[in-house]
Amino acid sequence: MPEGSFASPRDRRDKEDAGRASGLKPSRDSAGAVTRSTFTYEPDPEFPGWHTWKLDNGARFNSLGLGRMIVRREGERFSRVRLVHTEERHSNVHGNVHGGVTMALIDVAMFAAMFTVLGTDAAGAVTLDLHNQFIGAARIGRPLDIVTEVVKETRRLVFLRGTAEQEDHLVASFMGTLRKPSSPVEHAR
């Protein structure tokens with residue numbers, strides 16, 4: 001993973017961000033499920049310690065193009081998103097996971113990291129940039145993980161980096177920037 005500075009409380013640009021980063025989380029019901037979001041984030045009974053991560057509108061790309069994803073927070077600054085099933089529809093002409101699928105999963109994982117690490121609702125945020133280096137091939141039939149680190153948060157931006165991994169095999173490394181939503185809005189479902 002690339003070296004660099006780490007996020008710290010003094011990096012926050014205003015009180016709103018400091019409050020958000022210090023533990024303000026989206027509303028949850030008694031079972032731990034998020035009650036207001038464009039995403040479903042709730043404990044996954046099939047994978048203890050993991051949460052479901054999906055758009056509430058199943059007709060959008062994340063659900064149709066990628067498939068079932070789960071997420072968990074790992075430590076103070078990291079999250080891990082797993083594409084549970086890689087299938088033939090995810091393959092390239094060589095029979096490996098298509099690079100576009102890996103890039104799309106990385107993009108989704110950045111939003112999941114913003115949500116799980118910072119507690120910021122990812123709906124309404126946008127990707128400003130995403131730089132990726134492919135290192136190896138991901139195989140069909142095995143889960144594909146994206147490990148994302150929140151490097152720094154400012155008033156409007158979140159800087160992230162991470163790796164795509166399959167079991168003990170490194171597939172890619174990346175860096176990206178998300179722009180936070182301007183204000184709370186009602187998002188299309």
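In case you wondered, yes, glycine gets a Cβ from its N, Cα and C as well.
Record features, source TrEMBL:
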REGION    1-35  region 'Disordered'
COMPBIAS  9-19  compositional bias 'Basic and acidic residues'
DOMAIN    94-171  domain 'Thioesterase'
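The average per-residue pLDDT of the prediction over the domain 'Thioesterase' (94-171) is 96, rounded to a whole number. Taken through DSSP, the domain 'Thioesterase' (94-171) splits into 20 helix, 35 strand, 23 coil.
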